[in-house]
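Everything below concerns the one structure shown next.
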Protein chains: 2
Amino acid sequence: MSTSTQTADGSAQPSPGVTAPLGFRASGVTAGLKASGRPDLALVVNDGPLQVGAAVFTSNRVVGHPVTWSRQVVADGVVSAVVLNSGGANVCTGPEGFLDVHRTAETVADALGVSAGDVVVCSTGLIGERLPIDTLLAGVAPAAAALSGTGGPAAAQAIMTTDTVPKTADLTVEGDDGVWRVGAMAKGAGMLAPGLATMLCVITTDAVVDAALADAALRAATSQTFDRVDSDGCMSTSDTVTLLASGASGVAPDPAGFTAAVTAVAAQLARQLVADAEGATHDIAITVTGAQSQDAGLAVARAISRSNLFKAAVYGNDPNWGRVLASVGTVPVEVAAFDPDALDVSINGVMICRAGGAHEPRSKVDLAATREVHVLVDLHAGDEVVTLWTNDLTHAYVSENSEYST
Amino acid sequence: MSTSTQTADGSAQPSPGVTAPLGFRASGVTAGLKASGRPDLALVVNDGPLQVGAAVFTSNRVVGHPVTWSRQVVADGVVSAVVLNSGGANVCTGPEGFLDVHRTAETVADALGVSAGDVVVCSTGLIGERLPIDTLLAGVAPAAAALSGTGGPAAAQAIMTTDTVPKTADLTVEGDDGVWRVGAMAKGAGMLAPGLATMLCVITTDAVVDAALADAALRAATSQTFDRVDSDGCMSTSDTVTLLASGASGVAPDPAGFTAAVTAVAAQLARQLVADAEGATHDIAITVTGAQSQDAGLAVARAISRSNLFKAAVYGNDPNWGRVLASVGTVPVEVAAFDPDALDVSINGVMICRAGGAHEPRSKVDLAATREVHVLVDLHAGDEVVTLWTNDLTHAYVSENSEYST
């Protein structure tokens, strides 16, 4: 197959996002949930012919009411629409908060002529305060009226919180049986952590897939992409990634090809999330090679990505391999086998630590010159390779998270 | 028993630290390891009659050569002296680095007339660079010459790195059989994490104890104190806490009383470490009640203490209970049982979250007015109570750790 991709970054045209595939309409409007007056309510509607849906959610045990609701919605593999709001997360808001979700789904269902039980609800914003529900509900009719086959970018705009840019991506696959597409949008600019970020994502496709394949492909894609982005180690209560399939292309791709396409689009969005993480000045790719398993490599990469000391050093353009080794050493032997005296560390291609000791001089690594920092750790304990993305720890991160309540 | 304590903070006289008990001499001198010219080499000598010693070390798998050496030294329960240097950690320095430790111990042993195999070596500073070993060794004779029964404060001064104040504590126990004492010093102002901080600590006592009791008391004390301080979640490669017993008081306390006294002194130092953590503006005590076990409560407290989002909020004087719940929710159910809808959170005595939802208004909590922040989380799942100390995440932390290499 051949593929063509567009992203919001680096191309003249923004990606159409969720409306890139056939069979979808979307919109983004201002309901009035945000004091700023910016768009805060988005709709994505699947016009079929299929109404296949799947979703993965945060693994946090404290979850928002929208997550509780949406888990029920996707259980039967049928999703007609997704409604998403910024300006309030509807988490820890008591029984009234759950009723607010229910009313939101009912109102959207009425406006679209679908069943409330097929409407996924996603909310993002402050925890612990009820949504101004009347304001939200009043925005549903305008959002439904604004739905269009080119509404993807507007929807992506409406779900932003501390994001500085909207995030969209799409992919067109020209297979032997015909052309089909995957489109997507996401928000999330902090609290990116395993088991997903504080991140809302909607992925659409006009491929012909059943609920089982949609679910399997989505889980495979998120485990390789969003689950390998760890900005600040904090896990959100509201993360939701939904996949909708309309079947409008009439093409039924093979499962491996479909999974690869969904993964590719998710990877683009994950990379955009890292690039827009709160206050970051460096995007850090941590690659662990020579691991005895994917889990072992991921545990080592995760330990490095959680080191505030290392992340502060990168902010200071200091290729501090000692802090890398110190964090690698915290991984228990039963989780990852390695000999501490065999560890190699390269930063941006310069092997500054070899066999657990200093090698090339630090001065050969010029972190000030690059936004991307590539850390390569060789465990010499196997053949598996894992990459995890994170960011540096900066003054701007502290400012944003001490001055902005979530 | 009755006790009296002194600490460096809040008393007119600094605590004599490691020279508070009978049978010990100490010193701190400038060998020239630090560019600043500040004292950087300390000795603590046990003049007996007993030469009992025990130590606990970092649980990091990447350890400094001094840790490897000192583990062997304490294996037989006999320790004559401890030599400590700042200005270089001697970690990841290859085989030559281990020889440097060996030569240091030999030189100290020769100067004191003891066996090198009874000399604990501790080093702190930058990882990955060899110590200027000739400079260090040349400092041993002056350090030995400066030894005195009032040298505790000088020794505490010489082990400082980014510490802003020396840390000493002592305790006098007037038991039924006579008077005995515990004294101590510590350094460590960042990278305070479980399994000890980047922290060097020497505890002395003139009680009559054997190696088994010394080891058991030290492990019990550290598990309740230093292991419950978690400043930035980073674990050092060099942490060492050594206990030396001279027996010079002639008093053999009961094991429980001895353990309590060692724990009390360690608790004082742990509290001083938190108060001096890099760049902190708030000391945060996280108390988890209603846990089904100590381990469960500690896991929950640790999850909160690792939340950069919560710690940044505290820096911004925002009593953000939503971020507390979001971090509590990351603890797996097999680690800690709780119902997310039953969680209560109080901050500085105000219950701002009850049964998983908003309760008292946030405005009732004035974090700007206090250095200490007390977070109380009730899991309603048992009877155990655990307290862990941490700090807020501040601009000064980022500055210190992006501009200073360790």
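Heads up, the Cβ atoms here are built off N, Cα and C, so glycines get one too.
Automatic prediction, not curation, is the source of TrEMBL annotations.
What TrEMBL lists as active site, nucleophile is B:T198.
The feature substrate binding site is assigned by TrEMBL to B:T161, B:K187, B:T198, B:E278, B:N401, B:T406. Under a cutoff of 8 A between CB atoms, and with a sequence separation of 6+ in the same chain, the neighbours of B:K187 (substrate binding site) are B:S86, B:T124, B:A156, B:I159, B:M160, B:T161, B:D163, B:P166, B:K167, B:M199, B:L200, B:C201.
Feature annotation from TrEMBL assigns compositional bias 'Polar residues' to B:1-16.
Per TrEMBL, the feature region 'Disordered' maps to B:1-21.
Look at B:T161 (substrate binding site): DSSP puts it in coil.
Listed binding-site residues (B:T161, B:K187, B:E278, B:N401) with a CB under 8 Å from any chain A CB: B:N401. Within the group of binding-site residues (B:T161, B:N401), the Cβ with the highest number of other Cβ atoms inside 10 Å belongs to B:N401. Counting every protein chain shown, the Cβ of B:E278 (substrate binding site) has 25 other Cβ atoms within 10 Å. When secondary structure is read from DSSP and collapsed to three states, B:N401 (substrate binding site) falls in the helix class.
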